[in-house]
Amino acid sequence: MSDFVDRVTVHVKGGDGGNGSAGIRREKYKPLAGPNGGNGGDGGSVVFVADRNATSLLDYRFMPHRVAGSGTMGLGDNKDGSKGEDLILPVPCGTVVFEARGEQGKAKHPGAQLADLRHEGDRCVVAQGGAGGLGNIALANKTRRAPGFALLGELGEERDVILELKSIADVALVGFPSAGKSSLIAAMSSAKPKIADYPFTTLVPNLGVVIAGDSRYTIADVPGLIPGASEGKGLGLEFLRHIERTEIIAHVIDCATLEPDRDPMSDYHALENELALYADKLELPLGAIPIPERPRIVILNKIDVPEAKELAEFVRPEFERLGLKVFEISTASHEGLKELNFALSALVHEMREEVANREQAEEEARVVIKPLETKGRRPRRADEGGSALEFTVERRELGNGEVFFEVRGVKPERWVMQTNFDNDEAVGYLADRLAKLGVEDELRRKGAHPGDEVRIGRGARMVEFDWDPTISAGAEMLDGSNLGARGKDLRLEEQDPRTHRRSNAERRAQYHEMMDARAAVRDAMMAERKAGHWADPTVDDDRHDENSLFGHGESSEDGETEE
């Protein structure tokens, strides 16, 4: 079994975000000192990276399911959860990543192109990790000082992608089966492809590195092509894509073939026709030269056979009239290989400069819009960009006449995933967010009535409930005597004088209050003095006062005290 695999379907999943914590800080003499739950950690992402040390996609055929690490849950004492580890997957340079399309359980076909990893170090995030849920300390504000809930972590992105390897070489050897392409690459480089005297010996592309003086370049031996290859005949479409990256196309023509209706010129035109048909279906990468515009050379092979050498000398002027460079070689005797080697080296050098100039010009012409950086939070995915219409509400009707309302949008669907429906306060918080966004108003405009079924999202992440626009998210959702607005626990407002440290403002207020009380007492005493209460110390208005000037006992009529 060959270890060369150039197309696989991979199921990838980003790590889930960790849940936030709804912790409460505890201090001496104060068991409820406020929220201190930390945020959950973000989930890791699945990233493909072009690596020159990778040569095949074989590993992904036997291990097609790849999952990144999940974030951990937040903890009390304001401790955030750790971030999940990104899953870095190396792929060969020249790998193209496509979105997989097709029904579940059936073979997938390539959809939209996600990335073209042509150069060493090129990266593509194919499955974004979920954001960690916020802890209750992050949800607290002036009006919600003690949230009794936290947000759940988001699920990581999950999808199928198709990886296609398109070999990166400077020169592509194309020709009919048994034209001598594998023998040529073996003679010019250290590659050791399988060589035999029957068609379609080469079943996978072979790459060889050729050295010409101080320069080097790579040659790709593409499996043999036949008429109809652009439509999938033979091994056509399976390997035609390997010439998309090459800068030079070299036609290897067998001048010693004994097949009827075969001659060098007809072989050349048949191959060019297949290349032209295939080129119409291509979407070229940045800086690539269209296949019809790429330089061609013609290699007339097997001239060690006398009849083949005569045929090569006969057809050479016809190729030259087409403006093509022609080389007569023999892979058996190595005749003409040195001239071919240095001619290809010079042509490769010219094409590398032209491709580099094209890439630079096209790169300058592109407008690149980069998202804003987020502080310590998971970056947004490409499908999460904000828009004027952040959600939609549609009235749907089932076949049995039942009606429901479907809410779609990035924010509502994310909020639903973040909500713990076992916590009434969290459900009330979700209701507030949806109402503030305008979902309830839009439901009324669409004709929704209390008790109607509402669905938010689709698929496995859909949430279904009966709409109740009068649901209270206020104090009645809290049990016990410590009633207040949602997210406010009156027990947290109590201050223990043994542990509470007064601020300067509180000290000043208490000082002024004490001084005002003293001033009021002095004013009252002065008023009594002016009224004459202090003129005769023997006079007491209240004879029943035990603390009067007469002391204990009863007073006589003349004011003397009886013992």
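Backbone N, Cα and C define each Cβ position, glycine as well.
Note that this is a predicted model, so its numbers are computed, not measured.
What Swiss-Prot says about this one:
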BINDING   175-182, 200-204, 221-224, 301-304, 330-332  GTP binding site
BINDING   SER182, THR202  Mg(2+) binding site
COMPBIAS  486-509  compositional bias 'Basic and acidic residues'
DOMAIN    2-168  domain 'Obg'
DOMAIN    169-349  domain 'OBG-type G'
DOMAIN    383-469  domain 'OCT'
REGION    478-509  region 'Disordered'
REGION    528-563  region 'Disordered'
Binding-site residues listed as SER178, SER182, SER330, least Cβ neighbours within 10 Å: SER178
Number of helical, extended and coil residues in the domain 'OCT' (383-469), per DSSP: 34 helix, 20 strand, 33 coil
Neighbour-count leader, CB within 10 A, binding-site residues: LYS181, LYS302: LYS181
Coarse DSSP state, helix versus strand versus coil, of SER330 (GTP binding site): strand
SER182 (Mg(2+) binding site) versus GLY175 (GTP binding site) - Cα distance in angstrom: 11
SER182 (Mg(2+) binding site) and SER330 (GTP binding site), Cα-Cα, nearest whole angstrom: 13
Distance from SER182 (Mg(2+) binding site) back to LYS302 (GTP binding site), taken between C-alpha atoms, in Å: 13
Around the Cβ of GLY175 (GTP binding site), the count of other Cβ atoms that are within 10 Å: 23
